[in-house]
Amino acid sequence: MIASHLLAYFFTELNHDQVQKVDQYLYHMRLSDETLLEIAKRFRKEMEKGLGATTHPTASVKMLPTFVRSTPDGTEHGEFLALDLGGTNFRVLWVRVTDNGLQKVEMENQIYAIPEDIMRGSGTQLFDHIAECLANFMDKLQIKDKKLPLGFTFSFPCIQTKLDESFLVSWTKGFKSSGVEGKDVVTLIRKAIQRRGDFDIDIVAVVNDTVGTMMTCGYDDQNCEIGLIVGTGSNACYMEEMRHIDMVEGDEGRMCINMEWGAFGDDGALDDIRTEFDQEIDMGSLNPGKQLFEKMISGLYMGELVRLILVKMAKEELLFGGKLSPELLATGHFETKDVSDIEGEKDGIRKAREVLVRLGLDPTQEDCVATHRVCQIVSTRSASLCAATLAAVLRRIKENKGEERLRSTIGVDGSVYKKHPHFAKRLHKTLRRLVPDCDIRFLRSEDGSGKGAAMVTAVAYRLADQHRARQKTLEPLKLSREQLLEVKRRMKVEMERGLSKETHAIAPVKMLPTYVCATPDGTEKGDFLALDLGGTNFRVLLVRVRNGKRRGVEMHNKIYSIPQEVMHGTGDELFDHIVQCIADFLEYMGMKGVSLPLGFTFSFPCQQNSLDESILLKWTKGFKASGCEGEDVVTLLKEAIHRREEFDLDVVAVVNDTVGTMMTCGYEDPHCEVGLIVGTGSNACYMEEMRNVELVEGEEGRMCVNMEWGAFGDNGCLDDFRTEFDAAVDELSLNAGKQRFEKMISGMYLGEIVRNILIDFTKRGLLFRGRISERLKTRGIFETKFLSQIESDCLALLQVRAILHHLGLESTCGDSIIVKEVCTVVARRAAQLCGAGMAAVVDKIRENRGLDTLKVTVGVDGTLYKLHPHFAKIMHETVKDLAPKCDVSFLESEDGSGKGAALITAVACRIREAGQR
């Protein structure tokens with residue numbers, strides 16, 4: 001008993017010594033994590049070189065665009081054919097993908113041989129042979145009468161220019177067909193099929209096997225965005241952001257990049273990592289100096305590396321007693337399969353002995369232990385190198401997405417990964433150590449290359465179908481020049497109806513007289529108070545207007561809130577609160593008890609009877625103070641001032657914010673005779689000839705008309721321009737049937753239009769993989785600021801995804817492009833409609849004055865106009881196009897409503913004083 005224990009101990013020690021000896025000998029092949037991270041860093045640099053336009057020609061890692069722009073989302077369906085050509089045999093496959101809630105793939109396939117004489121004959125012979133095999137397969141399945149889409153896996157070095165165009169760079173793997181190199185292989189197949197004339201197919205995509213692997217796995221796991229092959233050769237692909245791919249135009253979306261990573265190190269980047277054995281393998285290969293990384297990791301070379309190490313150790317008398325056999329000296333006699341077998345057996349030492357005996361050697365126990373260890377070191381290095389380059393790819397994807405923790409799946413194929421007993425496990429373990437902030441899943445591809453080509457085709461079909469469906473839906477929102485001219489014409493008609501005494505009562509565009517009869521002329525001076533009430537906060541302002549050399553406006557203001565109970569209380573309580581705030585402000589400014597002229601911006605629907613008399617028609621914006629509707633707001637304010645008995649104010653003017661905007665800009669630019677607001681709501685005003693303002697007596701001079709143009713279309717005159725989405729937004733609004741024009745152009749509603757379109761797309765499976773989240777059903781989540789952010793040019797899709805994520809919408813890159821497109825279409829229409837309305841206004845002013853050309857300035861305010869990246873530009877272009885005889889400038893108003901009220905007061909005081917003289 002003791003003897004057997006001693007013997008076992010002796011062998012264990014012996015094995016241990018032998019292992020240490022090999023470890024020391026192959027010290028350079030055992031890579032630390034530090035070294036692997038350094039390799040990952042170098043690989044990152046090589047990736048960037050391959051992607052850059054200027055560095056691509058000299059880059060060793062080519063990073064080739066594949067024109068595959070999306071991975072499967074599980075909704076693909078249909079029948080497809082696939083051809084898989086990558087060696088002496090090729091396969092034809094029929095693939096049916098069904099999506100009825102249960103993703104299912106059915107396949108039929110047949111393998112055809114390519115005879116030696118055809119491989120080395122002409123290209124015409126080769127492609128005729130392929131077409132013949134395809135015809136035979138379709139005959140067998142009785143599908144020759146169908147024109148099916150086909151995906152083609154072509155695993156040779158190619159330059160791809162489109163999804164269905166791929167030029168062969170050079171034959172490999174023993175092929176020598178003449179007249180094919182430099183040609184597009186898709187054209188060659190198409191011609192061969194046409195020569196036969198007995199069937200037709202639609203060749204949609206050419207892919208290589210790595211992309212096929214990613215796509216096959218992507219159908220089962222939508223997180224799959226990397227494809228990896230470690231077999232006879234090695235390569236990888238991954239989904240890159242379009243903005244980083246200099247060789248392909250366009251910045252939006254993603255595209256799969258075929259890395260061709262086998263060539264990593266061809267420029268010397270791995271010289272300090274490569275060993276003498278790697279150099280020897282390379283020198284004896286068919287392509288010296290090329291594919292150096294592949295030669296360190298792939299199955300074609302793994303057994304050969306082990307053989308070279310054993311030969312050198314034997315020559316140095318470290319193995320086999322210094323003896324060599326002819327078999328051991330013959331290239332290719334130690335196979336990668338032997339490496340797998342030796343490492344796979346529980347008793348690997350015994351397997352090592354079998355292999356060594358087969359090679360004509362007489363190994364000792366130590367020799368077998370050493371051989372086992374050499375196999376381990378070579379295959380472990382291979383897995384570690386793969387992990388290092390994958391770590392670089394994952395880091396890049398993680399940075400592209402800006403995620404703190406990345407969840408990603410790698411689709412894998414290849415004999416080394418699948419058949420070596422420990423390779424996969426070592427690869428997974430090392431990779432997780434190198435990228436601890438990534439959760440990685442590995443998915444083995446079953447039948448990657450053939451099924452993958454069908455999947456690429458299925459995805460291309462799905463994308464094309466979905467694109468067509470989306471364009472059809474968005475078509476009614478895209479307005480032609482003729483349609484915009486018609487909107488302009490109708491706006492003009494509605495303006496006339498609002499101005500006319502006869503039709504005013506029934507006109508939706510009310511064209512209300514404001515009793516503001518002049519814009520500033522620059523001689524205004526004095527101190528004025530202004531009140532600005534249009535929401536839950538209101539402002540009190542002191543505005544000092546100076547003329548002469550010191551001409552300008554100086555402002556002081558303070559914001560006060562209106563508590564909910566005051567908004568919903570009595571009118572007296574509301575106006576007492578306002579007067580209390582004025583008193584506080586005057587004290588704050590050190591002007592207690594001073595009497596000043598006051599201008600009042602009151603942004604609620606009113607009927608104005610004179611400059612200082614304005615009857616509130618109805619409260620909006622959540623106000624409900626009783627006893628105010630039907631009353632003159634100036635009287636209510638004056639009564640509250642008298643009740644306080646602390647100061648007296650001369651209320652000179654009541655205006656709305658649009659008029660305020662025009663007056664503020666009019667102080668800077670005497671040509672300013674139009675005011676426009678495009679923010680939460682939208683409205684416009686302009687200087688109309690008194691003779692046309694039939695509601696007010698007098699023919700001389702001009703008066704500013706508050707158009708209330710948001711109600712344009714309330715009589716149905718815009719129904720042929722309104723879409724189902726406009727109708728849906730209107731129905732669910734607080735004032736259904738009212739303010740229809742405003743609902744097509746203003747910030748409060750654009751987000752809702754977008755949300756309704758997105759819901760429609762999602763219901764039809766065109767977006768968010770057909771899943772409607774609770775958030776998407778929530779009204780009002782798409783604020784205007786998000787529309788502005790999403791359309792911002794400097795924002796990458798990554799940030800669009802972040803905005804959608806913030807809104808609780810999980811989106812793919814493709815989804816983000818679609819959301820951006822919808823936002824663009826909706827905002828563009830809004831800007832064009834606004835421009836058409838404005839063109840009607842400026843043309844009316846020109847015609848009123850009988851001018852051939854008019855130079856006029858529009859004062860503008862509002863968040864949509866100011867913050868949206870494209871709204872203003874599109875609106876300006878539209879006005880220019882639809883009113884070519886008007887030279888229109890746009891001036892952004894700074895603080896229109898408060899300052900404007902003070903300026904109207906200043907103008908009124910100037911005119912009053914002139915009248916008194």
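Every residue gets a Cβ built from N, Cα and C, even glycine.
Listed in Swiss-Prot for this protein:
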- ARG30, ASP84, LEU85, GLY86, GLY87, THR88, ASN89, LYS425, ARG426: ATP 1 binding site (BINDING)
- ASP84, LEU85, GLY86, GLY87, THR88, ASP209, THR232, ASP413, GLY414, SER415, SER449: D-glucose 6-phosphate 1 binding site (BINDING)
- SER155, PHE156, THR172, LYS173, ASN208, ASP209, ASN235, GLU260, GLN291, LEU292, PHE293, GLU294: D-glucose 1 binding site (BINDING)
- 532-537, THR680, 747-748, 784-788, 863-867: ATP 2 binding site (BINDING)
- ASP532, LEU533, GLY534, GLY535, THR536, ASP657, THR680, ASP861, GLY862, THR863, SER897: D-glucose 6-phosphate 2 binding site (BINDING)
- SER603, PHE604, THR620, LYS621, ASN656, ASP657, SER682, ASN683, GLU708, GLN739, ARG740, PHE741, GLU742: D-glucose 2 binding site (BINDING)
- 464-906: domain 'Hexokinase 2' (DOMAIN)
- MET1: N-acetylmethionine (MOD_RES)
- 73-207: region 'Hexokinase small subdomain 1' (REGION)
- 208-447: region 'Hexokinase large subdomain 1' (REGION)
- 521-655: region 'Hexokinase small subdomain 2' (REGION)
- 656-895: region 'Hexokinase large subdomain 2' (REGION)
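Among the residues SER603, PHE604, THR620, LYS621, ASN656, ASP657, SER682, ASN683, GLU708, GLN739, ARG740, PHE741, GLU742 said to bind D-glucose 2, no two Cα atoms are farther apart than 20 Å.
When the record's D-glucose 1-binding residues SER155, PHE156, THR172, LYS173, ASN208, ASP209, ASN235, GLU260, GLN291, LEU292, PHE293, GLU294 are compared pairwise by CA position, the greatest distance found is 20 Å. The Cβ neighbour count for GLU742 (D-glucose 2 binding site), using a 10 Å radius and every protein chain shown, is 24.
Predicted-model confidence for the region 'Hexokinase large subdomain 1' (208-447) is 92, expressed as mean pLDDT. Within 10 Å of GLY534 (D-glucose 6-phosphate 2 binding site), as judged by C-alpha distances, the binding-site residues found are SER603; the full candidate list was THR172, SER603, GLU742, THR784. When the binding-site residues THR88, ASN235, THR620 are scored by other C-beta atoms within 10 Å, ASN235 scores highest. DSSP states for the region 'Hexokinase small subdomain 2' (521-655), grouped as helix (H, G, I), strand (E, B) and coil, give 37 helix, 52 strand, 46 coil.
Listed in sequence order, the binding-site residues near THR172 (D-glucose 1 binding site) (C-alpha within 10 Å of its C-alpha) are GLY87, out of ARG30, GLY87, ASN89, SER897. Within 10 Å (C-alpha to C-alpha) of SER155 (D-glucose 1 binding site) lie the following binding-site residues from GLY86, ASN89, LEU864: GLY86. Looking only at the binding-site residues GLU708, LEU787, LEU867, the one with its C-alpha closest to ASP84 (D-glucose 6-phosphate 1 binding site) is LEU787. The Cβ of ARG30 has fewer other Cβ atoms within 10 Å than any other of the binding-site residues ARG30, ARG426, ARG740. You'll find the Cα of GLY535 (ATP 2 binding site) roughly 62 Å from the Cα of ASN208 (D-glucose 1 binding site).
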